[in-house]
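From TrEMBL, here are the annotated features:
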COMPBIAS  533-544  compositional bias 'Basic and acidic residues'
DOMAIN    88-512  domain 'Major facilitator superfamily (MFS) profile'
REGION    532-551  region 'Disordered'
TRANSMEM  20-44  transmembrane segment
TRANSMEM  172-189  transmembrane segment
TRANSMEM  195-217  transmembrane segment
TRANSMEM  229-253  transmembrane segment
TRANSMEM  259-277  transmembrane segment
TRANSMEM  338-358  transmembrane segment
TRANSMEM  370-392  transmembrane segment
TRANSMEM  399-418  transmembrane segment
TRANSMEM  424-447  transmembrane segment
TRANSMEM  459-481  transmembrane segment
TRANSMEM  487-507  transmembrane segment
Amino acid sequence: MRDYDEVTAFLGEWGPFQRLIFFLLSASIIPNGFNGMSVVFLAATPEHRCRVPDTANLSSAWRNHSIPLRLQDGREVPHSCRRYRLAAIANFSALGLEPGRDVDLEQLEQESCLDGWEFSQDIYLSTIVTEWSLVCEDDWKTPLTSSLFFLGVLFGSFVSGQLSDRFGRKSILFATMAVQTGFSFLQIFSINWEMFTVLFVIVGMGQISNYVVAFILGTEILGKSVRIIFSTLGVCTFFAVGYMLLPLFAYFIRDWRMLLLALTVPGVLCIPLWWFIPESPRWLISQRRFIEAENIIQKAAKMNNKAAPVVIFDPMEELKLPSQQKILILSLFRTRNIATITIMSLMLWMLTSVGYFALSLNAPNLHGDAYLNCFLSALIEVPAYITAWLLLQTLPRRYIIAGVLFLGGGVLLLIQLVPEDYNFLSIGLAMLGKFGITSAFSMLYVFTAELYPTLVRNMAVGVTSMASRVGSIIAPYFVYLGAYNRVLPYILMGSLTVLIGIITLFLPESFGVTLPETLEQMQKVKGFRLRKNTRDSTEKEENPKVLITSF
């Protein structure tokens with residue numbers, strides 16, 4: 001029985017065909033970058049105050065003092081959701097009384113914004129917040145918009161693998177790209193918040209499905225030596241490129257509907273990729289479609305200038321492909337040791353995800369230019385991915401993950417000590433925190449895959465990555481807390497990140513250790529007294545090195 005990689009070895013590892021697939025699939029990820037984070041501009045909340053209608057019979061002095069002041073971050077600012085009762089101040093104005101001199105403003109009765117709000121247009125001409133007044137009593141809808149988008153991401157990540165197994169990688173890749181682009185376009189015509197949000201959930205489903213299927217297609221077509229670079233630097237870096245394009249689009253297009261229209265155009269430009277990206281030969285073989293698989297390999301050989309055998313895949317010969325056994329999720333909790341590792345891994349994924357997405361969503365709310373801050377938040381991801389890739393080559397997993405988590409969480413905790421006049425320092429610390437958390441996030445796939453045995457490895461990575469989706473659903477509410485206290489989100493994120501860094505130190509070390517093949521071979525949690533497994537996982541026998549990808 002021959003292996004697929006052995007049969008197709010004549011193609012080489014990095015010929016013109018592989019380079020084309022690498023860059024086209026990576027480029028298809030770019031729209032995911034700005035669609036995944038577009039909510040930071042589409043649902044931005046500008047400064048606002050209660051509207052005082054022009055028809056109100058107020059003197060200029062009373063009009064200037066119609067909004068009460070409140071204390072925020074140590075300074076007095078106009079209230080966003082209250083005004084003095086209009087009938088009362090109109091009466092005082094008619095009597096010729098002066099605010100503050102003849103009338104004690106603190107004793108005046110207040111009311112809600114009965115005539116709506118006035119929104120500042122210094123940064124945004126319009127957002128869904130200004131269009132549908134998602135402030136004050138309705139301000140809970142803004143973080144819910146982001147959370148429901150990530151709920152769509154959670155559902156999409158759950159079904160995308162099954163769909164691509166059933167209908168093929170290429171078909172589902174382009175179908176989900178069409179879903180992401182098409183429903184983003186439909187959002188432009190939203191007539192209310194409810195319609196916008198329902199469509200946004202569907203966009204989230206397409207967004208992650210496109211990412212996952214492109215990842216699977218790339219890892220199945222590319223050779224072993226290129227696979228890990230594609231799954232780390234390839235898709236991650238191009239996602240960051242798309243993320244960097246978002247603030248550039250938003251800077252020049254300040255209206256949310258026009259911005260959304262501009263963000264759908266790159267998705268349309270991906271249509272010609274259909275004629276260049278092939279179906280996965282591995283999937284075709286699993287479906288017994290040998291002729292189609294052979295045609296793809298023949299074209300690849302021609303592109304790489306390689307001589308192909310007359311018969312590449314013999315239908316009469318059984319080809320060895322990775323087995324996909326049905327495993328129950330309860331296997332991840334079979335013993336106390338395995339259950340402890342699983343619970344700690346779930347916490348690690350979820351809290352790291354909270355930090356990553358909360359910092360990404362909060363970038364425009366930092367002091368200074370919102371567009372520049374968002375660009376820096378995207379730019380810092382590129383060195384974070386490169387650093388993670390370099391560290392994974394030579395250093396123990398749990399120490400480097402804990403180290404970058406301590407770095408990220410520690411600098412976030414320092415933000416509360418920075419004086420308000422040193423805004424540039426706060427921004428620098430926030431970006432350094434994003435660097436540490438992003439580095440840790442990109443290492444988790446490899447670390448989790450190395451901890452678990454072959455039998456449950458896909459299940460473990462799938463379940464823990466689902467926990468990260470739960471973290472992304474929670475993250476918008478960390479940003480929401482910033483409306484009440486500027487540094488509270490950083491205190492919470494920093495504390496949780498340091499805590500999960502400490503917990504990471506208790507996980508087993510996987511670097512340089514033979515990959516476990518059975519549950520009994522899994523290493524023990526450090527620092528806990530657990531029942532001894534029937535077989536020691538730290539066997540000293542040398543096995544061939546196994547390639548671990550980030551999925």
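Each residue, glycine too, has its Cβ placed from N, Cα and C.
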Pairs 6 or more apart in sequence, C-beta under 8 angstroms, 3 or more of them: is that satisfied by the transmembrane segment (195-217) and the transmembrane segment (424-447)?
no
Six or more residues beyond either end and a Cβ under 8 Å away: which residues meet both conditions relative to the transmembrane segment (20-44)?
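Answer is 123-124, 127-129, 134, 142, 145-146, 149, 153, 173, 177, 180-181, 184, 200, 203, 207-208, 210-211, 214, 217-218, 221-222, 226, 230, 234-235, 237-247, 249-250, 256, 259-260, 263, 266-267, 270, 273, 276-278, 303, 360-361, 363-364, 370, 374, 378.
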Over the domain 'Major facilitator superfamily (MFS) profile' (88-512), work out the mean pLDDT and round it to an integer.
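The answer is 85, the mean pLDDT of the model over that range.
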